[in-house]
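Feature annotations, courtesy of TrEMBL:
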type	residues	note
ACT_SITE	H140	active site, proton acceptor
BINDING	A37, G38, I39, S40, T41, D47, F48, R49, Q120, N121, I122, D123	NAD(+) binding site
BINDING	C148, C151, C172, C175	Zn(2+) binding site
DOMAIN	9-276	domain 'Deacetylase sirtuin-type'
Amino acid sequence: MWCWKKKSPLISEKSLPSVAEYILSEQCTKIVTMAGAGISTAAGIPDFRSPSSGLYAQLAALRLPYPEAVFDFDYFTQNPVPFFRICKEMYPKLKVKPTLTHYFIKLLDDKGLLLRHYTQNIDGLERKAGLCEDKLIQAHGTYETGHCLKCNKGYSLKWMETYVMSDTIPMCIACGALVKPDIILFGEGIPQRVVSKCRSDFRSCDLLLILGSSLTVEPIASFAGLVKKKCPRVLINRTPVQKRGFRFQNSDSRDIAWYGNSDEGCSTLALYLGWEKDLVKLMGNKK
Ligand code: CNA
C-alpha cells in the first residue's frame with residue numbers, strides 16, 4: 001500500500017536559531033539576499049510606506065495626481081519638478097553610513113555564502129558597506145550616476161546635486177535635454193541583464209533571505225517565487241507582508257517570518273551563527 005509521506009521543511013523550526021543552524025549546514029552554500037527600503041531606515045533614509053515617516057506620506061505638498069506619479073517616467077518627462085524635489089530631500093541623506101544589516105549582508109559574502117544581493121534600494125549603501133560589483137544587483141538603479149535622456153551623456157551625482165540643491169532642473173551641457181539620475185522609474189522596466197541574472201540566481205540558491213521589504217513593487221517582489229520548491233524563504237521585516245504565494249503561518253511550510261527591525265534580526269542571527277565578533281569587526285573597520 002502506498003503511503004504518502006509529506007516532506008518536512010529544510011529548516012526544522014520557524015525560529016532564528018534554526019535558520020542559523022541551516023545556514024551553517026552543508027545543505028546551505030548559496031544564499032540570495034533581497035532587500036528593500038526597510039534596511040536603510042535606521043540610517044535615516046525614510047521608506048515609502050511607513051505611515052508617518054514614509055516618503056509617500058510627505059508628498060501631499062507636491063500636488064501630484066497620485067503619489068507614485070513622482071516616480072513615473074512619463075510624468076517625469078512632463079513635470080520633473082516633484083521628482084527633483086524628492087532628490088533634494090534624498091541627496092543629503094545619501095551621505096549616511098550603512099546599517100548593521102548592510103554589514104551583515106557583506107559578512108555573508110565574506111563567509112563565502114552570498115550568491116548575490118538584490119536590492120530595490122537606490123541609496124548605494126550596500127556598496128559603501130563594501131559589497132563588490134559582482135555580488136550586487138541594484139535592481140532599481142542608483143542615484144550615484146545620471147544620464148541625458150536624449151544624447152545619453154553621463155553625469156556624476158556631484159554634478160546633478162549642484163543643480164538640484166539650488167532648485168534648478170539639471171539639463172545636459174551637450175544637447176540641453178533633461179538629465180535623469182539612473183534610478184529606474186515606473187514605466188521604464190527592469191534591465192534585461194538584471195532579469196536574466198535573477199532567474200538563474202534565484203533558481204539555484206539554497207536560502208532566500210528577504211530584508212526590510214513590503215514586497216509590493218513588481219517585478220522584483222515576484223522573483224521570490226522563482227526559488228526551488230523546498231528552498232527556505234526567510235523574511236525579516238518590521239511589519240507583516242501580504243504576498244501571494246507565501247505561507248508564513250503554515251507550520252509545515254518553508255516560509256519563515258521574523259517581525260522587527262532588520263538590524264535587530266540580523267544581529268540576533270549573527271549571534272546564533274557565532275559571527276558576532278566578525279560583524280563588530282567589519283563595522284568597526286568601515287568607520
Ligand atoms: P517599502 O514598500 O517602503 O517597504 C519598506 C518595508 O520595510 C515596510 O514593510 C516596513 O515595515 C519595513 N521597514 C521599515 N523600517 C524597517 C526596519 N528598520 N527594519 C525592518 N523593516 C523595516 O519599500 P520596498 O523596498 O519594499 O519597496 C521598494 C521600493 C522602495 C523601491 O522602488 C525602492 O527604490 C524604494 N525606496 C528606496 C529607498 C532607499 O533607497 N533607501 C527609500 C525609499 C524607497
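Just so it is clear, glycine is given a Cβ too, placed from its N, Cα and C backbone atoms.
Small disclaimer: the values here were computed from a predicted structure and weren't measured.
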Checklist entry - Which residues, in sequence order, are found in the same chain with Cβ within 8 Å of the centroid defined by the Cβ atoms of C148, C151, C172, C175 at the Zn(2+) site, excluding those residues themselves? => result L149, K150, N152, K153, I173, A174, G176, A177, V179
Checklist entry - Using Cα coordinates, what distance in whole Å links C148 (Zn(2+) binding site) and H140 (active site, proton acceptor)? => result 18
Item to check | Cα distance (Å, whole number) from C172 (Zn(2+) binding site) to Q120 (NAD(+) binding site) | outcome: 27
Next on the checklist: Here's one to test understanding: among the binding-site residues A37, I39, T41, whose C-alpha is closest in space to the C-alpha of H140 (active site, proton acceptor)?
Outcome noted: A37
Checklist outcome for this item: Those recorded positions among T41, Q120, H140, C172 lining ligand 1, judged by a Cβ under 6 Å from any of its atoms, are T41, Q120, H140
Checklist entry - For the domain 'Deacetylase sirtuin-type' (9-276), what is the mean per-residue pLDDT, to the nearest integer? => result 91
Item to check | Candidates A37, I39, T41, I122 (binding-site residues) - the one closest to C172 (Zn(2+) binding site) by CA | outcome: I122
Checklist entry - Residues with Cβ closer than 8 Å to the Cβ of C151 (Zn(2+) binding site), same chain and 6+ apart in sequence? => result C172, A174, C175, A177
Checklist entry - For the recorded positions H140, C172, which one has the sparsest Cβ surroundings, going by other Cβ atoms within 10 Å? => result C172
Checklist entry - Other than its own, how many Cβ atoms are within 10 Å of the Cβ belonging to I122 (NAD(+) binding site)? => result 22
Item to check | Local backbone state of I39 (NAD(+) binding site), from DSSP in three classes | outcome: helix
Item to check | Most crowded position, judged by CB atoms within 10 A, among A37, I39, C175 as binding-site residues | outcome: I39
Checklist entry - Near the Cβ of Q120 (NAD(+) binding site), how many other Cβ atoms are there if near means within 10 Å? => result 22
Checklist entry - Over all shown protein chains, what is the count of other CB atoms within 10 A of the CB belonging to F48 (NAD(+) binding site)? => result 18
